[in-house]
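Quick notes on the structure that follows.
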Amino acid sequence: MEVGKPEVTFVLGGPGSGKGTQCGKLVEKHGFIHLSAGDLLREERNSGSKDAELINEYIKEGKIVPVEITCNLLKKAMEANGWDKSRFLIDGFPRSQDNLDGWNEVMGDVVNVSTCLYLNTSEDIMTERILKRAETSGRVDDNEEAVKKRLSTYLESTIPIIKHFEELGKTVEVDSTGEIEDIFSTIETSMKLVEE
């Protein structure tokens, strides 16, 4: 790890692939700081800030929020947690080439992206999980129509980003279809957080 630079792991996967669940476990067991791009955007939307209405429109439509907004929220959250807390999990970002370019522009020199953890599961399972989550989540984007849009955005925009990190030798791919605990132990081993 480069001295003085926080270490970042991007956690990517489709909607309902288990990003939030697995990040929660990594925080609990390995002391990462977890930042969810989606949660930060939802908080900002609810804060009534100048960007709130714009963010709401994008989220409702299942579209990707402009990168300047997301990058600034991530940067603020990292600063609030202290740069010296060296290991951050950023989940649900970057979701497109535009996101990645914006990130590199704003954050490229100040953080070290070590890994892209890719949680891979089938569209059927993702849809099923989200519609189940919709019963309790209260999220405007947890409905069948938004799920379809989010899945197509993921396939068109996010998969190429995962491939990009793969080419850099930074992608750790984990099948997130099974039981939460099994998936987690595969993540721990794959990310070399535990001895095999």
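Keep in mind that glycine also has a Cβ here, set from the backbone N, Cα and C atoms.
Curation plays no part in TrEMBL annotations; they are all automatic predictions.
Here TrEMBL flags GLY16, SER17, GLY18, LYS19, GLY20, THR21, ARG133, GLY178 as ATP binding site. Annotation source TrEMBL lists ribonucleoside 5'-phosphate binding site at ARG42, LYS63, ILE64, VAL65, GLY92, PHE93, PRO94, ARG95, ARG139, ARG150. The CMP binding site annotation in TrEMBL covers ASN99. According to TrEMBL, the feature region 'LID' maps to 132-142.
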Rounded distance in angstrom between the Cα atoms of ARG139 (ribonucleoside 5'-phosphate binding site) and ARG133 (ATP binding site): 9
Length of the line joining the Cα atoms of GLY20 (ATP binding site) and PRO94 (ribonucleoside 5'-phosphate binding site), in Å: 15
Nearest of the binding-site residues (ARG42, GLY92, PRO94, ASN99) to LYS19 (ATP binding site) - Cα to Cα: GLY92
Residue among the binding-site residues LYS19, ARG42, ARG133, ARG139 whose Cβ has the most other Cβ atoms within 10 Å: LYS19
THR21 (ATP binding site), number of other Cβ atoms within 10 Å: 15
Residues near SER17 (ATP binding site) in space but at least six apart in sequence (CB under 8 A): LEU119, ASN120, THR121, MET126, SER176
Entry from the binding-site residues list GLY18, GLY20, GLY92, PRO94, GLY178 having the most other CB atoms no farther than 10 A: PRO94
Nearest recorded site to GLY178 (ATP binding site) by CA-CA distance, among binding-site residues ARG42, ILE64, GLY92, PRO94, ASN99: GLY92
The region 'LID' (132-142): DSSP-derived helix, strand, coil residue counts: 6 helix, 0 strand, 5 coil
Separation of alpha carbons, GLY92 (ribonucleoside 5'-phosphate binding site) and GLY18 (ATP binding site) (Å): 11
Overall pLDDT for the region 'LID' (132-142), taken as the rounded mean: 81
Cβ packing number for the residue listed as 'CMP binding site', 10 Å threshold: 23
Distance [Cα-Cα, Å, rounded] between ARG42 (ribonucleoside 5'-phosphate binding site) and ARG133 (ATP binding site): 16
